[in-house]
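Only one structure is covered here, and it is reproduced in the block below.
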Ligand SMILES: O=C(O)[C@H](O)[C@@H](O)[C@H](O)[C@H](O)CO
Ligand SMILES: [Zn+2]
């Protein structure tokens with residue numbers, strides 16, 4: 001029997017923690033605090049955190065093969081040099097949509113950086129709808145747009161055989177799948193593989209495990225759920241001591257641990273008293289299944 005253990009490893013008080021990414025080379029977890037405009041790197045050995053502040057809300061971060069990182073900052077795809085804390089703009093999207101920003105992003109198995117946009121929220125999940133789009137930044141720095149009419153572009157990942165792209169538009173309360181062409185980066189044949197139940201609340205960030213099952217962080221649901229995208233069934237629910245769970249990734253030794261980010265914003269003073277670890281980084285061990293390494297951006 002697995003004995004699941006959940007531990008807050010870092011009380012970071014993120015306004016909105018997001019985009020956890022394991023960096024094996026440094027035994028570290030990268031993540032962002034979107035409204036705080038911060039990219040953070042937590043060293044799991046020394047337990048120290050380094051933070052880089054950028055000039056706009058930063059919604060995702062990813063590894064870069066050349067060294068350093070890439071991040072989505074405002075409506076820009078940027079390269080981030082960790083040593084001198086500088087950013088270089090690689091491409092800009094949604095130029096005519098002044099109230100938009102990027103949200104979640106992740107690199108595909110061929111090294112393209114996928115990320116979608118949304119209108120800026122006036123409160124969590126309160127925003128002008130259908131303003132977002134999904135994009136990817138190719139290794140040569142050109143951008144392709146897949147579709148628009150997105151409410152809150154969120155979790156994304158690819159099947160283990162790279163033939164399916166999984167995607168969440170949060171306010172659809174659905175986890176969707178597309179056929180994926182790894183050669184061209186094209187997607188087609190959108191369908192829903194799971195509809196969230198009411199108590200699961202809002203689907204947010206997502207990652208895949210070595211068995212091809214999906215883990216979805218449920219915003220306001222205080223949990224991560226494990227889904228079988230082939231049967232459309234929920235296999236497992238893991239509850240956390242915070243409501244606003246935003247995203248998850250595997251990391252640690254052999255990717256056997258799960259890391260979960262969450263938000264403080266949107267909690268009232270009573271909620272903050274009841275959930276003092278809100279905005280922290282959680283580690284879940286004993287799940288009995290591993291994850292896969294993140295793909296680096298190859299441009
Ligand atoms: O982290 C994100 O994806 C959004 O930027 C957040 O603001 C919330 O998760 C969202 O409000 C819940 O749907
Ligand atoms: Zn998210």
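Glycine is treated like the rest: Cβ placed from N, Cα and C.
The structure displayed is predicted, hence computed values, not measured ones.
Taken from TrEMBL, the feature domain 'SMP-30/Gluconolactonase/LRE-like region' covers 16-263.
Around residue 18 (divalent metal cation binding site), a 10 Å sphere centred on its CB holds 25 further CB atoms from the protein chains shown. The DSSP secondary structure for residue 18 (divalent metal cation binding site) is strand. If you look up TrEMBL, you'll see 18, 154, 204 marked as divalent metal cation binding site.
Long-range Cβ contacts of residue 103 (substrate binding site) within its own chain (separation 6+, distance under 8 Å): 59, 60, 72, 115, 116, 117, 118, 132, 152, 153, 154. In the three-state DSSP classification, residue 103 (substrate binding site) falls within a strand. Summarising the annotation, TrEMBL assigns substrate binding site to 101, 103, 121.
According to TrEMBL, the feature active site, proton donor/acceptor maps to 204. Other Cβ atoms within 10 Å of the Cβ of residue 204 (divalent metal cation binding site) number 29 in total over all chains.
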Record-annotated substrate contacts 101, 103, 121; largest Cα to Cα distance in whole Å is 11
Given the binding-site residues 101, 121, the candidate whose Cβ has the fewest other Cβ atoms within 10 Å is 121
